[in-house]
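Asks: Annotations for this protein, taken from Swiss-Prot, read as follows:
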type	residues	note
ACT_SITE	CYS91	active site, acyl-thioester intermediate
ACT_SITE	HIS343	active site, proton acceptor
ACT_SITE	CYS373	active site, proton acceptor
Amino acid sequence: MEQVVIVDAIRTPMGRSKGGAFRHVRAEDLSAHLMRSLLSRNPSLEASAIDDIYWGCVQQTLEQGFNIARNAALLAEIPHSVPANTVNRLCGSSMQALHDAARMIMTGDAGVCLIGGVEHMGHVPMSHGVDFHPGLSRNVAKAAGMMGLTAEMLARLHGISREMQDQFAARSHARAWAATQSGAFKAEIIPTGGHDADGVLKSFNYDEVIRPETTVETLSTLKPAFDPVTGTVTAGTSSALSDGAAAMLLMSESRARELGLKPRARVRSMAVVGCDPSIMGYGPVPASKLALKKAGLSTSDIDVFEMNEAFAAQILPCIKDLGLMEQIDEKINLNGGAIALGHPLGCSGARISTTLINQMERKDAQFGLATMCIGLGQGIATVFERV
């Protein structure tokens, strides 16, 4: 079986969905920009040598519809002979794209794959056109389709207080802002064209979603967003709405050697699991455990974790049950997470994997794990190993 390596991993800045930098930029353009960038950064790879493109996207309608992977590839002037497929596992879409490509390479059905994902939540809202089958209520609580209420459920089940959530959210913004100021994101962000507040076209090389002024005190003034009577989850402790894309270049280790490209990391293991939709945010726990089992590792072997911050009330129970509460500041989301950067649904799996690989390089870490919860009760995880 072929070893799968990550040769490159990049992303756009995260733009604010409401009147943000990418309000006049389409999702296909964000995607095509990264596809072109990966090729220009790795000139020994001919675009025609790409065997397939896997691109995550959740709301596949309007500008994100009709196979956005193919539309973006055509915009990027990738040869018509290169196929492209749009992948949807809700929040885990672009990590699923990574898994699909990795399996193709492992089995020898592909040698080179370009993967990634995008979501323009400003142009295509998360709830656009969603129409749940009424019969689902026989098997699943209606509230299980409301992500904020599933976070409230986890908070109650695991004793996660409002103060704990506010502290974690403030940490996310503080860490993301510190990473921005120190240049820690520079290696992963590709400057991307957008418009400033006055409508002037400019190049953005920073995440505009981060709120550096965020403190526990300011967060404590916010009202519950989903359960106004007894709730503890607020907009401030939920992932921000943002627009963005992320992309990675995968290939077999032997193909990388042929092309003279230096692998940055190896895919060590992958896992996807299901869980009760009412606690969908708990999915990273069984997914991470399964990925670690497949890799022959334990949580203590992992040097760095990237766990998608759908909600503070969701990620804290996962950290607790993975036995990592005492290691948050040493191992988990060291540059902040989706509470500060946002969670463009189809982008996030590739985004956290990209951030993880860059973080592993900075810390000279051997193993890293990226994981995320998925709406309606799933979890997905990937273990990476530095090459």
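Glycine too: its Cβ is placed from the backbone N, Cα and C atoms.
Tell me about the setting of these features in this model.
Replies: Cβ contacts within 10 Å of CYS91 (active site, acyl-thioester intermediate), excluding its own Cβ and spanning all protein chains shown: 32.
Long-range Cβ proximity for HIS343 (active site, proton acceptor), meaning a same-chain Cβ under 8 A and a gap of 6 or more residues, is found for CYS91, SER239, ALA240, LEU241, SER242, ASN308, GLU309, ALA310.
In three-state terms derived from DSSP, CYS373 (active site, proton acceptor) belongs to an extended strand segment. Around the Cβ of CYS373 (active site, proton acceptor), a 10 Å sphere holds 32 further Cβ atoms from the protein chains shown.
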